[in-house]
Amino acid sequence: EVLQNHVLEAKVFHTEYGTGVAILTGAHRFSLTTNIDDLKLRRMPEVPGLQKPPSCWAVLSQDRVTIVLLAVGQDLYLLDNTSCSVVVSEPRQVSAGSRVVCSSPHSLAGPPLVPRCPMGCSPASSTRWQVLPPTLLTGRPAGRDGGEQVAGDVLGLGQPLMRFSFPPPSAEASQEIFKIASMAPGALLLEAQKEYEKESQKADEYLREIKDQKLLPEAVSQCIEAAGYEHEPDTQKSLLRAASFGKCFIDKFPPESFVRMCQDLRVLNAIRDYQIGIPLTFTQYKRLTIEVLLDRLVLRRLYPLAIRICEYLRLSEIQGVSRILAHWACYKVQQKDKSDEEVAHAINQKLGDTPGISYSEIAARAYDCGRTELAIKLLEYEPRSGEQVPLLLKMKRSKLALSKAIESGDTDLVYTVVLHLKNELNRGTFFMTLQNQPVALSLYRQFCKHQERETLKDLYNQDDNHQELGNFHVHSSYS
């Protein structure tokens with residue numbers, strides 16, 4: 001069914017089994033798998049009378065149960081393994097200004113922003129956002145846990161509510177430091193640093209209290225950890241200043257965690273900027289890894305920022321800058337508004353001889369985009385003939401490939417091109433091509449002596465080489 005009707009939309013969700021994917025097919029049927037590593041596609045029950053895609057839908061997973069919530073016009077449906085349940089079926093129950101909330105709680109990170117789509121609207125055209133508490137409430141059929149009935153009535157659904165809870169985004173270290181009247185080591189250290197800036201003697205009192213309990217290393221670690229989970233740069237700086245202040249009173253405190261956190265926060269603050277718009281949490285950033293984050297920046301064509309991050313984190317060129325520049329060059333060759341000469345020159349100026357850059361890969365992308373001449377110009381910058389020749393053969397530039405192979409001095413490469421020419425050209429054209437390349441002709445003669453004796457006789461005939469032709473007949477008679 002999926003192959004015949006194609007996939008209209010897909011959503012990624014997370015379950016106790018791993019990462020799951022749900023798809024909506026062209027037949028307006030839902031199928032899902034709860035673990036892409038152990039792919040078992042399960043088709044959900046059919047929604048009665050569904051003739052067009054739902055206005056919005058989401059996958060909800062909790063306690064090993066996965067359901068699909070979808071809105072069609074003024075109706076709300078829940079699909080589980082066995083049945084399709086109608087949640088809102090009477091138009092009078094939903095006022096004109098009502099909204100359907102469709103979002104998976106597992107997709108919310110940081111401040112839980114949930115898209116709200118008007119009944120029957122296109123989510124892409126009129127999506128609005130609403131800040132919800134760290135619990136997702138959705139309509140559900142009556143008769144299940146009726147204790148939520150009143151809340152459902154308040155929302156105008158006329159149905160009880162289903163509650164999906166998920167943990168708050170703040171870390172334990174942040175809670176310990178910022179909760180009211182906290183006596184945690186990190187909270188005391190933060191206060192000590194603030195009092196120190198005021199030149200108050202209370203700073204010494206707070207420090208003494210931490211030192212007496214021998215909790216100063218823990219206080220520093222708490223402040224460093226809490227800084228990672230804060231989104232406001234001023235709060236981050238305040239916590240890191242407190243950690244730096246506390247380190248002064250500890251002998252041989254390892255600096256790696258402090259330095260790493262400063263680096264991570266600089267990267268996170270850069271991508272959280274509204275002009276970039278990737279509001280990752282610290283936990284997401286760590287699980288995503290810097291390599292995947294760079295890939296996302298590259299896919300958004302944010303090449304300068306990606307390069308600055310690589311340079312700041314001192315990533316190896318092959319892992320970082322070279323890879324990003326290669327992506328940039330592959331995008332550059334697709335720009336049709338500039339001539340081949342301009343594009344090739346711009347790419348060479350930017351890339352130069354950067355380690356790890358393969359001009360042949362960029363040339364291959366140019367050829368795939370229909371810019372054969374640009375591909376040839378880019379191959380001129382490729383220092384490895386072994387990389388040039390296969391692409392030239394693919395582009396039907398066999399004679400140029402032969403010249404490059406001979407220049408390389410690699411006999412195996414020359415043989416590869418010669419045999420390719422032999423299969424591609426008719427016999428006469430092939431011999432004439434070799435006549436203009438003495439090195440290739442000599443190597444082909446050596447090949448014929450061992451593999452194709454009759455072809456060798458034809459070569460001598462074409463060259464009017466009577467001496468070698470006589471030797472050939474004498475040798476043949478002895479054989």
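Yeah, the Cβs are placed from backbone N, Cα and C, and that goes for glycine too.
According to TrEMBL, the feature coiled coil maps to 189-216. Per-residue confidence over the coiled coil (189-216) averages 89 (mean pLDDT, predicted model).
Per TrEMBL, domain 'Vps16 N-terminal' is recorded for 1-90 (among others). Per DSSP, the secondary structure of the domain 'Vps16 N-terminal' (1-90) breaks down as 4 helix, 48 strand, 38 coil.
Residues or ranges marked as domain 'Vps16 N-terminal' by TrEMBL: 173-260 (among others).
For 357-478, the entry in TrEMBL reads domain 'Vps16 C-terminal'.
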Exercise for review: Just give the helix, strand and coil counts over the domain 'Vps16 N-terminal' (173-260), going by DSSP.
Suggested key: 63 helix, 0 strand, 25 coil
